[in-house]
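Pulled from TrEMBL, these are the features on record:
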type    : residues                               : note
DOMAIN  : A:38-148                               : domain 'PurM-like N-terminal'
BINDING : A:ASP40, A:SER54, A:ASP85              : Mg(2+) 4 binding site
BINDING : A:ASP40, A:ASP85, A:ASP220             : Mg(2+) 3 binding site
BINDING : A:THR55, A:ASP56, A:ASP133             : Mg(2+) 1 binding site
BINDING : A:ASP56, A:ASP85                       : Mg(2+) 2 binding site
BINDING : A:HIS63, A:GLU273, A:TRP319            : substrate binding site
BINDING : A:GLY132, A:ASP133, A:ARG158, A:SER222 : ATP binding site
DOMAIN  : A:162-250                              : domain 'PurM-like C-terminal'
BINDING : A:ASP223                               : Mg(2+) 5 binding site
2 protein chains.
Amino acid sequence: MRGHGQGRGTVGELGEFGLIRELTSRLTTTPAVRVGPGDDAAVLSAPDRRVVASTDVLIEGRHFRRDWSTAYDVGRKSAAQNLADIAAMGAVPTALLLGLVVPADLLVTWPAELMDGLRDECQVAGAAVVGGDVVRGDAITLAITALGDMQGHEPVTRAGARPGDVVAVTGWLGWSAAGHAVLARGFRSPRAFVEAHRRPEPPYQAGPAAAGLGATSMTDVSDGLLADLGHVAEAGKVRIDIRTAALDVPGQMADIGKAVGVDPLQWVLTGGEDHAIVATFPPHVKLPARWRVVGEVQAPSAAAQVTVDGEPWRGAAGWDHFGG
Amino acid sequence: MRGHGQGRGTVGELGEFGLIRELTSRLTTTPAVRVGPGDDAAVLSAPDRRVVASTDVLIEGRHFRRDWSTAYDVGRKSAAQNLADIAAMGAVPTALLLGLVVPADLLVTWPAELMDGLRDECQVAGAAVVGGDVVRGDAITLAITALGDMQGHEPVTRAGARPGDVVAVTGWLGWSAAGHAVLARGFRSPRAFVEAHRRPEPPYQAGPAAAGLGATSMTDVSDGLLADLGHVAEAGKVRIDIRTAALDVPGQMADIGKAVGVDPLQWVLTGGEDHAIVATFPPHVKLPARWRVVGEVQAPSAAAQVTVDGEPWRGAAGWDHFGG
């Protein structure tokens, strides 16, 4: 019989404490971690005297599929989603906590590789997994809480956009949605888009950098550019216009669009899971090369709060997680 | 038709954003909350420059039953469980984040009253609900993350107990377990024990106070006194002996024990959900009246790490959440 340390067998066979040992044995730490996993709570440095916190829940079948993504990629992606929320406040991610629901008959390799993915994505962002809880249940469910430090910046909320500000994006737009369209039709390529769907690459450093550059509002693109800018427009009581000519639609994305009969602009404007960062800046701010100006903030009007080339967008703007 | 603001209808009818509005409208805040719910992340004061964080997951049927507890009580209890973890590090609770899974056909009143319970328990502890996420799923699931501030104290971990230290408890032991035994047999009284099961009262202030008194180790009693002291003994590489004569078995608890054929000591020693706090202190420390010395820390030996009146306890010491 092989040792459980190899991750053999089911989580039911391994038991709660065995599983926790297996999962925590995979973790790495950072200097910010004062007390790591295994006690009543973790203790972390918060040098700025302000801590940033965000929680997301992901359920198998709804937010990820085991036949489309490895456990490792689910870990990378779900960590990325939360760490991007921290960056989008202008903060530096420091830690992640995991609440995990697993069926008893799940092989230990799955949560073990999930944890590897969470750990590695944390390392990309400069953070560490510091704690969590594992319970038995029918549906694999991840509840992830990310923490961060403001490092002297003021939090950049969704409110604060002013007429005349430019709207700028950094990161990827529509790549995950295009990859999803490929996978949904049973294909595995083009690889770059499938990979983008499986493992987004949020521009973590751009969040604190934008705060330092004087961003007036900021959010991560999780529900789609138009939907998330809708929150910015609503919170700031402004109108936002996006110029499609300024958006980047890569040739290969256009090819996928042709192949599956979808306007790729739909992916760029309404695809969410790349976790790009969108922010508004005063017009005089000189933006680093990785930011792309895609629109401008206008005075509020009776028309739609977010427009595309001056008109309301006729596609589906984001989605309601409870609808459909 | 009544407004959704009254919490009528199902969560599916209300939709994700409507439900989030309904839930956040019930919240209160504290001066520590810099950015509350509704943005990418919350921002909180962390005056000590160290933040304490803990996550727990609770699933319907496994951790609570809707026919035994109201949504409000589930909120009170699940918040209490997490906030107690913060106090048991010696910290003052500051905030709570909620990851919530709800079936589409659940009446909105249920999560709304859950939120009221979370809010009120947070207020007892001096904290506030600052954020979260709501998704649709089959089983009601709560993932709760609590945060806290060390306020100048050093974190009191499970390690650190030294031979010669006294073991002291504050809060309630066995009340929730006795209440559970009553409910499991279809009764609703004695009320005090049923209430204790539905709504524990952790001694939040005792955690930071114990840190100030020089506690050498501390934990909250969530799996049972013997099981949780087992973690303390293991982490500190010591043996711990509990004296049953020092434990408080109220007359009414003894009566319930007689009625249901259970030794009430079993509840006091292995019942967890009251979230008492147990700590070890150097023998010279003068403990406040609400602490009860129940045992002592001894040098390690080949015998069981936690003993009761010098002998291994023959009952079931705690439980494995994946077993059975």
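Glycine too: its Cβ is placed from the backbone N, Cα and C atoms.
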Of all the binding-site residues given, A:HIS63, A:ARG158, which residue's CB has the most CB neighbours within 10 A?
A:ARG158
Could you tally the C-beta atoms, other than its own, that fall within 10 angstroms of the C-beta of A:SER222 (ATP binding site)?
21
Of the binding-site residues A:SER54, A:ARG158, A:GLU273, which one has its Cα closest to the Cα of A:ASP133 (Mg(2+) 1 binding site)?
A:SER54
Which whole-number value in Å describes the distance between the Cα atoms of A:ARG158 (ATP binding site) and A:ASP220 (Mg(2+) 3 binding site)?
10
Give the distance between the Cα atoms of A:ASP220 (Mg(2+) 3 binding site) and A:SER54 (Mg(2+) 4 binding site), rounded to the nearest whole Å.
12
Of all the binding-site residues here, A:SER54, A:THR55, which one's CB has the most other CB atoms within 10 A?
A:SER54
If you measure from the C-alpha of A:ASP85 (Mg(2+) 4 binding site), which of the binding-site residues A:HIS63, A:GLY132, A:GLU273 fall inside 10 Å?
none
Compare the Cα of A:SER54 (Mg(2+) 4 binding site) against each of the binding-site residues A:HIS63, A:SER222, A:GLU273 and report the nearest.
A:SER222
Do me a favour and check the Cα-Cα span between A:GLU273 (substrate binding site) and A:SER222 (ATP binding site); whole Å is fine.
5
